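> Take this structure first; my questions come after.
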Amino acid sequence: MAKFDAHLKCSFCGKSQDQVRKLIAGPGVYICDECIDLCNEILDEELLDNQANTNNPPQVKKKLPTDNPKKSVPLELTSIPKPLEIKSFLDNQVVGQESAKKILSVAVYNHYKRLAWKVKEDSKNNNATDSQATKLQKSNILLIGPTGSGKTLLAQTLAEFLDVPFAVADATTLTEAGYVGEDVENILLRLLQKSEMNVELAQKGIIYIDEIDKIARKSENPSITRDVSGEGVQQALLKMLEGTIANVPPQGGRKHPYHDCIQIDTSQILFICGGAFIGLEDIVQKRMGKHSIGFTTNSDQNKVDTKKIVDPRDSLKNLELDDLVKYGLIPEFIGRIPVCAVLDRLTKETLESILTQPRDALVKQFKTLLSMDNVELSFEPDSVEAIANEAYKRKTGARALRSIIEELMLDIMYTLPSEENVKEFTITKKMVDNLFSSKIVKLPSGSKRIIKESA
């Protein structure tokens, strides 16, 4: 049994155990309750000082560059690219999706005009005139389309064309504040980085949030468990989409009370959200295929049957806001994205065009690769059609095209660099058919094994 030591003292103030209310022991040291209270007061004062420094705009501005010679925003109406010019640039890289390209072209054009209008109004010195001026509010955009339909490609192509900062973020990594994952403010940090940490320039930018359907709440009905990566993220994004002063940690990660934050006004930032929304077609089909309970006349039954005939691939053209609510987006979130564009599912003909027509078409890319080995590569029209047919079967959109061509070209790119006498090479339909043809052999157990036919 340990003996009681009456001479124990606080290692910081030196008071004995009899002079204090509580003495806490550590590995070879002791601290009293009075010293603990003093430490808490010091930490509280430091916290208040840091908060005062964070909320002081001049101190924040000193840490940020104000001039960016590499980028400029055209704020004169005559220098703003017209919607036809923007769509023409998109046509060079993206095949089809005419409706989505028109919506994006008009939205970007109006974004430029809002920036020009704001600069014009800010330059006026007459306060009475400013108070009566019309305020132009932004219209955020929601892109809905199946995987591989070109949502991300449209955003990346816009980024090449625009003179404003453009950032792409992934919604799948976001969580509600206080949980493991990224805060929504990290989206703004990406825009800041694209602007070389220029706050004024970042406040005129455009942000594309990909995989936005992944933050849909897990159930249409309220749950007692907290949905930190679904509805919680939607709630956190509301003010940012609408327009607010957001505090962004310059180093990324979670906001810390002892770290300075950069303040960004999101009222002039255009947000474009995109997602595949798998299962949304079924919700639309179910709504359109509803029929009444009880007795119905023949004419009523014919009306119901007519609605049921709608092709599931075209059902998203009849999309309503209630369908998005049933999918898992809260009404407040939908209300802050008033413009909705539905991308078409890619057909076989569209996939053929994607292989050959765009500026960076896959066929052109592989021709360039083999030209570096002094080999001229060509594709027969039938082979392009066969590749498109195989991609259509995989149901992953344009992404399947690269996978198929990589598999098709593997042996060719492996042997051709060593064949000095080969100067031309042609991809035929037979080569494509031999690569992907298969037959099913039944095993005694009843299972199936797929064996590729030899060429």
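The backbone N, Cα and C atoms fix where each Cβ goes, glycine too.
Residues or ranges marked as domain 'ClpX-type ZB' in Swiss-Prot: 1-51. Positions annotated as Zn(2+) binding site by Swiss-Prot: Cys10, Cys13, Cys32, Cys35. What Swiss-Prot records for 51-75 is region 'Disordered'. The ATP binding site feature in Swiss-Prot is assigned to Pro146, Thr147, Gly148, Ser149, Gly150, Lys151, Thr152, Leu153.
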> Could you check which of the binding-site residues Thr147, Gly148, Gly150, Thr152 is the closest Cα neighbour of Cys32 (Zn(2+) binding site)?
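Result for Cys32 (Zn(2+) binding site): the nearest of the binding-site residues is Thr152.
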> Quick one: Cα separation, Cys10 (Zn(2+) binding site) versus Gly148 (ATP binding site), in Å?
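Cα-Cα distance, Cys10 (Zn(2+) binding site) to Gly148 (ATP binding site): 68 Å.
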> Can you grab the distance from Pro146 (ATP binding site) over to Cys13 (Zn(2+) binding site)? Cα atoms, rounded to a whole Å.
69
> Using the alpha carbons only, what distance in Å do you get between Lys151 (ATP binding site) and Cys35 (Zn(2+) binding site) once rounded?
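With distance taken Cα to Cα, Cys35 (Zn(2+) binding site) is 60 Å from Lys151 (ATP binding site).
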> If one measures from the C-alpha of Cys35 (Zn(2+) binding site) to the C-alpha of Thr152 (ATP binding site), what distance in angstrom results, rounded to a whole number?
58
> When the domain 'ClpX-type ZB' (1-51) is classified with DSSP, how many of its residues are helical, how many are strand and how many are coil?
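Summed by class, the stretch gives 19 helix, 8 strand, 24 coil.
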> If you measure Gly150 (ATP binding site) to Cys13 (Zn(2+) binding site) at Cα, how many Å is it?
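Distance (Cα to Cα, whole Å): 68 Å.
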> Can you figure out which of Thr147, Gly148, Ser149, Thr152 (the binding-site residues) comes closest in space to Cys13 (Zn(2+) binding site), comparing Cα atoms?
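Of all the candidates listed, Thr152 is nearest in space.
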> Pick out which of the binding-site residues Pro146, Gly148, Gly150 has the most other Cβ atoms within 10 Å of its own Cβ.
Gly150
> Can you give the mean pLDDT for the domain 'ClpX-type ZB' (1-51), rounded to a whole number?
79
> Hey, for the Zn(2+) site built from Cys10, Cys13, Cys32, Cys35, who else sits with CB inside 8 A of the CB center?
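Not counting the recorded site residues, we get Ser11, Phe12, Gly14, Lys15, Val20, Leu23, Tyr30, Ile31, Asp33, Glu34, Ile36.
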> For the recorded ATP site, whose residues are Pro146, Thr147, Gly148, Ser149, Gly150, Lys151, Thr152, Leu153, find every other residue on that chain with a C-beta no more than 8 angstroms from the centre of their C-beta atoms, and list them by sequence position.
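Not counting the recorded site residues, we get Gly145, Ala276, Leu343, Gly397, Ala398, Arg399.
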